[in-house]
Amino acid sequence: MDEAATVSAIDRSLPDLIRMLGIIDAVHGFYYLLLRGWATLFGVSEVALRLPSLLAVGVAAGLVVAIGRRIGGLAYGLTAATLLVLLPRTQYVATDARSYALALAASVAATYFLVRARELPRRRFWVGYAAAGLLATLLSFYTVLVLVAHAVTVCLDRRLRRSWRPFLAASPAWLVPAACLAAIGAGQQFQIAWIRPIDSGVVAEVALLQFFSDAYLMLDGAISPLPTPGENLTTVGLAVILWGMALVGAIRLRRHFAVKLAVPLLVVPLLCVIGGSLILGSPYYLPRYLTFILPTVPLLAAAAVLRAGEPASGRRPAMASSRERRAAAGVLVAVALLALPSYLGQRTEYGRSPQDDFRFVADTIRDEAEAGDAIALTGDAGLGRIAYQDSFAGLDDITIGKTADEWGRIYDQRFDVDSVEDRILPHDVVWVVYPRGERAPERTLRSLGYGADARFDGTGTSVVRFTREGSAGYSPP
């Protein structure tokens with residue numbers, strides 16, 4: 001659904017997009033503007049829209065290598081970056097046409113500039129830090145918490161404490177866009193009303209889903225998307241191994257800069273978002289919103305098997321021994337195997353959200369419907385029409401009111417089937433798309449003299465053909 005929302009936002013004129021952002025999705029506005037320019041060059045296919053996220057994860061991984069090399073050696077950086085790439089959450093955002101991967105890359109870039117400024121306090125690194133922070137907060141309001149975490153790191157590290165003035169000077173580049181987005185977003189909080197309130201389930205979300213799954217907990221406590229066979233066990237296995245390694249690494253390097261860098265970046269955003277949700281009484285925590293903390297566990301876990309340079313020596317760390325390299329390789333193989341079910345599950349047709357099987361609907365309509373047939377889209381199915389417009393060409397959309405760009409929303413305006421009888425009756429064939437298990441559309445069509453003579457069921461949606469009884473094309477089931 002979120003990716004379909006991206007298509008809806010960018011596939012409209014610039015004035016219409018600006019108007020929409022004043023009503024909804026302002027926090028994603030900068031990403032939409034970037035992707036709109038990208039789509040002008042490369043189109044709005046699934047591959048084209050997901051490619052920026054894939055490239056961004058590649059950039060983030062490369063920057064983690066660079067960070068790791070400077071604070072713990074090349075083997076340490078490579079191990080941490082590989083662990084980052086293998087995380088199921090990283091795999092998810094790398095193929096998701098949303099802003100999370102780009103925000104991850106920008107926040108890792110800011111961390112890289114902080115590390116460079118620690119080594120050599122030059123203005124260019126602080127300018128880079130400010131620029132990366134500006135980009136990160138424009139892409140995701142939540143990344144302003146990276147600045148807060150870095151402030152803790154500056155307080156903890158003796159060398160960075162000497163640079164507190166340029167750090168403060170760079171802070172407005174983070175704070176100003178964050179404040180602007182917060183002010184605009186305050187009037188659009190209805191967008192997060194669907195998020196599960198903070199309760200005991202947040203422990204599982206942080207411990208298991210934040211890093212080691214692509215899922216989240218829905219209001220009823222169910223996991224979405226549903227785990228693939230065996231994924232529950234492998235998710236727990238990943239959590240046990242990597243949380244355990246992160247703890248060992250943090251203890252092993254307890255006075256090392258790597259711990260002063262990674263632990264605040266892990267803990268501060270989680271505490272701020274979860275604590276803020278409890279204090280303000282609104283749900284602000286969703287695992288994907290904190291995608292930018294993903295490098296923290298890999299940076300700590302890598303230290304469990306690889307030596308890092310002594311923090312006080314100022315020298316480059318020693319080369320990893322053959323034993324350490326073998327141990328790191330073994331860990332990476334184990335993590336890759338445990339992450340495999342999630343990786344494969346994400347690449348099935350319904351690996352994202354089985355309730356939003358838009359491609360199934362589009363393919364069914366394209367293959368089965370004929371030009372001139374009517375189509376009635378209910379629920380969220382209208383987003384499928386926006387995402388796969390070519391599949392619906394030549395059909396009479398009888399439940400649509402205003403299109404999404406006409407009324408400045410992500411969704412088209414839709415009417416219930418029982419309120420468009422005058423649009424139904426001129427057609428002998430009506431295709432109705434509705435959530436599985438819902439019966440109201442069927443009752444309406446049957447009361448008007450139509451019979452269901454073909455049904456196609458997806459994981460969350462039914463596509464049913466209704467034909468006027470007695471017409472030439474009617475074939476009773």
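Positions of Cβ are set from backbone N, Cα and C atoms, glycine also.
Taking the domain 'Glycosyltransferase RgtA/B/C/D-like' (32-168) as a whole, pLDDT averages 96 in the prediction. The domain 'Glycosyltransferase RgtA/B/C/D-like' annotation in TrEMBL covers 32-168.
When Cβ-Cβ distances below 8 Å are used as the criterion, the transmembrane segment (17-35) is approached by residues 5-6, 9-10, 49, 52, 97-99, 102, 138-141, 181, 184-185, 188, 191, 404-405, 408-410 of the same chain, each at least six residues removed from its ends. Residues annotated as transmembrane segment in TrEMBL: 17-35 (among others).
Taken from TrEMBL, the feature transmembrane segment covers 47-67 (among others).
What TrEMBL records for 74-91 (among others) is transmembrane segment.
Per TrEMBL, the feature transmembrane segment maps to 97-115 (among others).
Summarising the annotation, TrEMBL assigns transmembrane segment to 127-152 (among others).
Sequence-distant contacts of the transmembrane segment (164-186), counting only residues of its own chain at least 6 positions beyond either end whose CB sits under 8 Å from a CB of the stretch, comprise 26-27, 117, 121, 123, 126-127, 129-131, 133-134, 136-138, 141, 143-144, 146-147, 150-151, 154. What TrEMBL lists as transmembrane segment is 164-186 (among others).
Residues or ranges marked as transmembrane segment in TrEMBL: 193-213 (among others).
Look at TrEMBL and you will find 233-251 (among others) tagged as transmembrane segment.
The transmembrane segment annotation in TrEMBL covers 258-280 (among others). Within the chain, the transmembrane segment (258-280) has long-range Cβ neighbours (under 8 A, six or more residues past its boundaries) at 71-72, 111, 114-115, 142, 145-146, 148-150, 152-153, 156-157, 197-198, 202, 206, 210, 249-250, 289-290, 292-293, 295-297, 299-300, 303, 308.
Taken from TrEMBL, the feature transmembrane segment applies to 286-306 (among others).
Annotation comment: TrEMBL describes 327-344 (among others) as transmembrane segment.
The stretch in 74-91, 97-115, 127-152, 193-213, 233-251 that contributes the largest number of Cβ pairs under 8 Å to the transmembrane segment (286-306) is 74-91.
When the stretches 74-91, 97-115, 127-152, 193-213, 233-251 are ranked by Cβ pairs under 8 Å to the transmembrane segment (47-67), first place goes to 97-115. Counting only same-chain residues 6+ beyond the ends of the transmembrane segment (74-91), those with a CB under 8 A from a CB of the stretch are 57, 60-62, 64-68, 209-214, 235, 238, 242, 287-288, 291, 294-295, 297-299, 301-303, 305-308, 317, 319-320, 324-325, 328, 331-332, 335-336, 339, 342-343, 346. Beyond the ends of the transmembrane segment (127-152), by six or more residues, the same chain brings 27, 30-31, 99-100, 102-103, 106-107, 109-114, 116-117, 167, 169-175, 177-178, 181-182, 185, 264-265, 267-269, 272-273, 289-292 to within a C-beta distance below 8 angstroms of the stretch. Within the chain, the transmembrane segment (97-115) has long-range Cβ neighbours (under 8 A, six or more residues past its boundaries) at 2-3, 6-7, 28, 30-31, 34-35, 46, 49-50, 52-54, 56-57, 59-60, 63-64, 66-67, 70-71, 125-126, 128-129, 132-133, 135-136, 139-140, 142-143, 146, 150, 153, 160, 261, 265, 288-289, 291-292, 294-295. Secondary structure counts, DSSP: the domain 'Glycosyltransferase RgtA/B/C/D-like' (32-168) has 120 helix, 0 strand, 17 coil.
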